[in-house]
Amino acid sequence: QFFVFCHGLLQLSQLLVSGYLKSSISTIEKRYGLSSQTSGLLASFNEVGNTLLIVFISYFGSRVHRPRFIGCGAILVSVAGFLMSLPHFITGPYEYDKSVASVFSNTTDLCQPGASGSPGNLSDAGCTPHAARENHEVLLVMFIAQALLGIGGVPIQPFGISYIDDFASERNSPLYLGILFSVTVIGPGVAFMLGSAMLRFYVDIDKVTGDEVQLTNKDPRWVGAWWLGFLVAASLVALSAVPYFFFPREMPKEFLLFLSDFPLVLLRNLRHPVYLLVVLAQVNLSAMVAGLATFMGKFLERQFSLTASLANMIIGAVNIPGAMVGIVVGGAILKRFQMSLRQCSAMCILGMFLCLLVAFPLLFLGCPTQKVAGVTYSESSEFGHHALECNLQCNCPEKAYNPICGSNAIEYISPCSAGCRAVNIDADNSVLNYANCSCISENGLAGFAKPGTCGTGCSHLFLPFVVLSCLAGILASTSHTPSFMLILRSIQPEDKSFAVGIQFMLLRVLAWMPGPVLYGSAIDTTCILWEKKCDRKAACRYYDNTLFRQR
């Protein structure tokens, strides 16, 4: 029982490390200028190390000291977690464009006529060879950490489960495995909640004092303390690893499978039509889940103008528990009605069909991108060509990004691009508003603007979206248990563990690995304005919200 407790704790904290990355992905993109394709590859890269080793490890499981192996794997996972947070400590503080001369810089992004290219304006200072090299180092460290995370996670689940199954009594074994299974489902939910808590802190909380931070967490330039969660999760893993070095080895039952039978069994299973079809169905569903888990938070942030913290809170507190409810309900229906294989497959189809019906309206629940001058919206059509020249004499830096919302409800990329010449500052050094803006004309007078984005005006659709997506998730996950039953009952009993191994490997290779990359690439195609870093595309500033939602 102590082993089951330890193993539950270890699985939870291992899932915290891998799940936490998904909750902070939009923040890491912003901080290090990554496209969604790159961040999608990063998020699924832990599966690479995992897949390469999982088959061998499941094979030689009978010939090693399993608890000690689990302990070593856990230590690798913990090292990977600490490595994930390392980029924060090897790079300088986060820099963003600001209008108020601060402790860091005397540059400003206000409109300054006649100051053509003067040092007062933002320049491409961030483009030294050092900065470019720093960015490569960050990516390298994170990819290595993800690979280690995958490798360290390999022995944890198979060895733990076989160890428990070998030494628990026949009566208790299903209960123990059930406990572990529920932990693996809860894990990601806890990870998103951790993300929600950590991203409320400013990223450089350890490098700058509170009163020097001029951003609120609603600001589009805000970057939360993404690295903090990795430290928490990695420490938890390290703690849970300790007891494993003290469990006895005890002789496990002899394994019957040897390498010579490998191709035979593989072919026998892959030729089985039911097995193959169910696994392919699961692959399609899992690829969708993998993509959604990685980018759902980002989607909510962009469609409904939420903070990263709130988006994670919704996913961790609503969507993931919804999926758990679906899995439990599916299992309960199976048990209650003692279903045949044909009824199992009918139940899977019904669940999926209802899920499609409920999810279909989600295509339309959202608003178009807010009007952004010069990006999604051009005034020239309304005011003649005068409007475009309103900021010509300002000498605006091209890459400035400090969104403001004009009193005419149009968003501008920076105070300079709106032609604002004055800024009013609050007592605590935060911006109240920008005044005297030549591009924002109201009744012939120069208008003013508030800091921050205008938002998509979609808040009224947020609740229906959450309710429907949660319902769709519940319905889809009712088919989880019956689809497993279809596999377990349709193949020869002696192939069972092997068939499940092959199934997970196919899911990894065909779903969990490519899923986030495909989703990230699809999201990248909907970008309207890319941030430029050293003449290369970095993170996306604005998406075409309608395309983003549909694709």
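Using the three backbone atoms N, Cα and C, a Cβ is placed for every residue, glycine included.
According to TrEMBL, the feature transmembrane segment maps to 41-62 (among others).
Residues or ranges marked as transmembrane segment by TrEMBL: 69-90 (among others).
The transmembrane segment annotation in TrEMBL covers 138-163 (among others).
According to TrEMBL, the feature transmembrane segment maps to 175-203 (among others).
What TrEMBL records for 223-247 (among others) is transmembrane segment.
The list of residues near the transmembrane segment (274-293) in space but at least 6 beyond its ends in sequence, with Cβ under 8 angstroms from a Cβ of it, reads 22, 40, 44, 188, 341, 348, 352, 476, 479, 483, 486-487, 490-491, 499, 503, 506-507, 510-512, 514-516, 518-519. The transmembrane segment annotation in TrEMBL covers 274-293 (among others).
According to TrEMBL, the feature transmembrane segment maps to 313-334 (among others). If one looks beyond the transmembrane segment (313-334) by at least 6 residues along the same chain, the residues whose Cβ comes under 8 Å of a Cβ in the stretch are 23, 182, 185-186, 188-193, 195-196, 296-297, 300, 306, 344, 347, 351, 466, 469-471, 473-482, 485.
What TrEMBL lists as transmembrane segment is 346-366 (among others). With a cut-off of 8 Å between Cβ atoms, the residues of this chain six or more beyond the transmembrane segment (346-366) that come close are 281, 285, 303-304, 330, 333-334, 339, 456, 458, 461, 464-465, 468-469, 471-473, 475-479, 482-483, 486, 545-546, 549-550.
DSSP states for the domain 'Kazal-like' (384-438), grouped as helix (H, G, I), strand (E, B) and coil, give 11 helix, 19 strand, 25 coil. The annotation domain 'Kazal-like' is assigned in TrEMBL to 384-438.
Residues of the same chain lying 6 or more positions beyond the ends of the transmembrane segment (138-163) and with a Cβ under 8 Å from any Cβ of it are 3, 7, 10-11, 14, 17-18, 21, 28, 32, 34, 38, 42-43, 45-51, 53-54, 57-58, 61, 66-67, 69-70, 72-81, 83-84, 86-87, 90-91, 177, 180, 252.
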